[in-house]
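Taken verbatim from Swiss-Prot:
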type	residues	note
BINDING	Cys13, Cys16, Cys35, Cys38	Zn(2+) binding site
BINDING	Pro126, Thr127, Gly128, Ser129, Gly130, Lys131, Thr132, Phe133	ATP binding site
DOMAIN	1-54	domain 'ClpX-type ZB'
Amino acid sequence: MARMQESADLLKCSFCGKSQKQVKKLIAGGAVYICDECIELCNEIIEEELGQAQHDEQERNELPKPSEISAFLDTYVIGQDPAKRILSVAVYNHYKRLRASETIGRRRNDEPETELVKSNILMLGPTGSGKTFLAQTLAKLLDVPFAIADATSLTEAGYVGEDVENILLKLLQAADFDVERAQRGIIYIDEVDKISRKSENPSITRDVSGEGVQQALLKILEGTVAAIPPQGGRKHPNQDFIQLDTTNILFIVAGAFSGLEKVIADRNGKKGLGFGVEVSSKKEEADIVDIFKDVRPEDLVKFGLIPEFIGRLPVVATVSNLDQKSLVKVLTEPRNSLVKQYQRLFEMDDAVLTFTDDALEEIANQALERKTGARGLRAIMEEILVPIMYDLPDREDVGEVIINGAVARGEAEPEMLEAVAEEKTA
């Protein structure tokens, strides 16, 4: 009996060292013991750390307000204020809807909740006006996976080309195959106007790259569980698939919709047909963006989109052509503007790059002449700067390079100022 009492006294908590007599409870697990006091302490530590982690996660996932979203877009994208407002509200409502559905899922369902339906976005506007960049910047702010697809590369299932499921694969790849993250991402489909059907009436023959693609996109736009082949390509019966629910993926589809303004103008009776009608070849004579703001579903149907496809794109945002003044701002003002990027490259070679006002205006004018908008600015900058950047690493005597209007037009060589000896040696 004394020996049993002695062995009980020898049992101690493996963590704090207290004996069985000094604590209320001693729990055995294999060759170790833990007392009730250590268990309580562990629970407090876990609760504290989990609480901090949840707080950090909440701060990280704080949903920005529409005004904050628009202000963030302003730091990267010049102009397009009406489109920014529409996109900011649409994106805010979309992710607010996701949070609401998660909250409803966590609490008791005592009464039926109002169902919030997803609102995908249609963007109308000319090439080089910033449609893609707006979508990319939104994804950057929200820290969600983002994928870009070209509608012209898509074909209906069973035909040569790219299946619509490959769009979802791109999103999965952007999310490092994290399905949960991918299901909250953004997919941008460009050139959607190029998949309009060939006539307003339903086609008798197969239109595999037009109406057929629109039909294939319907399900993923609305929400479906798609089977995605991890390696891409066509589906085979024996391969493994990743199941991806598209219900909460935000789709932004965009296109130039050249010719849609005529459809809208005809509906409004602004133009007639026949002799005596003044025909203008200059788009500048009519504010196309203002006309696009009056777009109605029947106009898009006449253009070649099927009604079911239009119905999945309730939010419409229009972007305008950038004028010379706006293009100059694109070159200089955004946080990652082209001028700032090239100036940084020159700094790495211990030189200062300076553009005069007339040089910036000339670059903007060339982009307007080429009808490439902001998208063509980098190519023009490269044409001007590549010869200089080729020689600069070998020119230790150069401290500053000045680009003026004549240089931008190709009529003169850039002015190169000598480097200060102290700066180069430093």
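Here the Cβ of each residue, glycine as well, is placed from N, Cα and C on the backbone.
Structural mapping of features recorded in Swiss-Prot.
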residue	record	Cβ within 10 Å
Cys13	Zn(2+) binding site	21
Cys16	Zn(2+) binding site	13
Cys35	Zn(2+) binding site	23
Pro126	ATP binding site	19
Thr127	ATP binding site	18
Gly128	ATP binding site	24
Ser129	ATP binding site	26
Gly130	ATP binding site	27
Lys131	ATP binding site	25
Thr132	ATP binding site	17
Apart from Pro126, Thr127, Gly128, Ser129, Gly130, Lys131, Thr132, Phe133, which residues in this chain have a Cβ no more than 8 Å from the mean position of the Cβ atoms of those residues at the ATP site?
Gly125, Val319, Gly373, Ala374, Arg375
I want to check the contact list for Phe133 (ATP binding site): same chain, sequence separation of six or more, C-beta distance under 8 angstroms. What comes out?
Tyr76, Val77, Ala374
Please give me the CB contact count at 10 A for Cys38 (Zn(2+) binding site), counting all chains in the structure.
18
Cα distance, Cys38 (Zn(2+) binding site) to Thr132 (ATP binding site), nearest Å?
56
For Gly128 (ATP binding site), identify the closest of the binding-site residues Cys13, Cys16, Cys35, Cys38, judging by Cα separation.
Cys38
On the 0 to 100 pLDDT scale, where does the domain 'ClpX-type ZB' (1-54) sit on average?
77
How many whole Å apart are the CA atoms of Cys13 (Zn(2+) binding site) and Lys131 (ATP binding site)?
65
Alpha-carbon spacing, Lys131 (ATP binding site) to Cys16 (Zn(2+) binding site), which is rounded to whole Å:
63
Counting distance between Cα atoms, which of the binding-site residues Pro126, Ser129, Gly130 is nearest Cys35 (Zn(2+) binding site)?
Gly130
Measuring Cα to Cα, how far is Gly130 (ATP binding site) from Cys38 (Zn(2+) binding site) in Å?
60
